[in-house]
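Shown next, in structure tokens, is the structure this report addresses.
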Ligand SMILES: CC(C)(COP(=O)(O)OP(=O)(O)OC[C@H]1O[C@@H](n2cnc3c(N)ncnc32)[C@H](O)[C@@H]1O)[C@@H](O)C(=O)NCCC(=O)NCCS
Ligand SMILES: Nc1ncnc2c1ncn2[C@@H]1O[C@H](COP(=O)(O)OP(=O)(O)OP(=O)(O)O)[C@@H](O)[C@H]1O
């Protein structure tokens, strides 16, 4: 697994630093699972959500040192006329080659980490009681111990493929190449504290998302109050509703 080396978790368990937002919840899920939809619903409830995919996109979509490092590694032919990185070509390269993907992660993930830390500081300054990380690679990068609760979103493989093809105009092959780079659903079930099943329509998803927000908040509060570290993955099996 290449992710961990460039996005190494801090020593665990990590108590929040003095004055830090007291609760931190992780929201994760594979491509097209509905994680951003859940994040949007939580935002509408007034929760501060930090979007790690957005932080990641900002590295390659804004001309600057991240773009230059990526171009130096992958070649001038990936530079767009606007001076950013051609994401479609980059996706073709890195989702076909784990070594290339590891190189890109070495460039992007430390910058994502910095952007997240900045946003956490802003949340702290604003006195937010809760921060959610919408973090697609939370499990792949072994970050569970940083969170009071980890919520996973699951959906059927075929629904996920159909939705990304339909809503983002990408090919089935693109989605499948990304699915192969992410942890399996079984692994998500094993390692998340709570799961949201996105297996029907948007209305049901909205109800489940709101219910799960309260459960996650309660679990994180409970652990914080008891100063109980998050248990290792094996003991979270079977804890989903
Ligand atoms: C390869 C890139 C340019 C492709 O861009 P594109 O616009 O096609 O995809 P987008 O970023 O919207 O991601 C699409 C899906 O792939 C997932 N994904 C992105 N990077 C990775 C990765 N390294 N491993 C597994 N899944 C990934 C995303 O979570 C999302 O579900 C881009 O995904 C990227 O820069 N990835 C490396 C940085 C990274 O690991 N980001 C993950 C979030 S911190
Ligand atoms: N229950 C649902 N019914 C219909 N469409 C849905 C449902 N849930 C999500 N979608 C749609 O499926 C697509 C994927 O959802 P979303 O963007 O929330 O997934 P994601 O997990 O954030 O994906 P990614 O990690 O690739 O960004 C979106 O276009 C979203 O509007």
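Cβ atoms here come from the backbone N, Cα and C positions, even for glycine.
All TrEMBL annotations are machine predictions without curation.
Note that the structure is a prediction, hence the values are computed from the model and not measured.
Annotation source TrEMBL lists ATP binding site at 32, 33, 34, 35, 36, 37. Taking Cβ-Cβ distances under 8 Å and a sequence separation of 6 or more, the neighbours of residue 37 (ATP binding site) in its chain are 198, 202, 205, 209.
Sequence annotations record features per position, and here TrEMBL assigns region 'Disordered' to 221-241.
Other residues of the chain with a Cβ within 8 Å of the Cβ centroid of 32, 33, 34, 35, 36, 37, the ATP site, are 29, 38, 153, 155, 198.
Every protein chain considered, the tally of other Cβ atoms within 10 Å of the Cβ of residue 36 (ATP binding site) stands at 18. Taking Cβ-Cβ distances under 8 Å and a sequence gap of 6 or more within the same chain, the neighbours of residue 35 (ATP binding site) are 27, 28, 29, 134, 136, 153.
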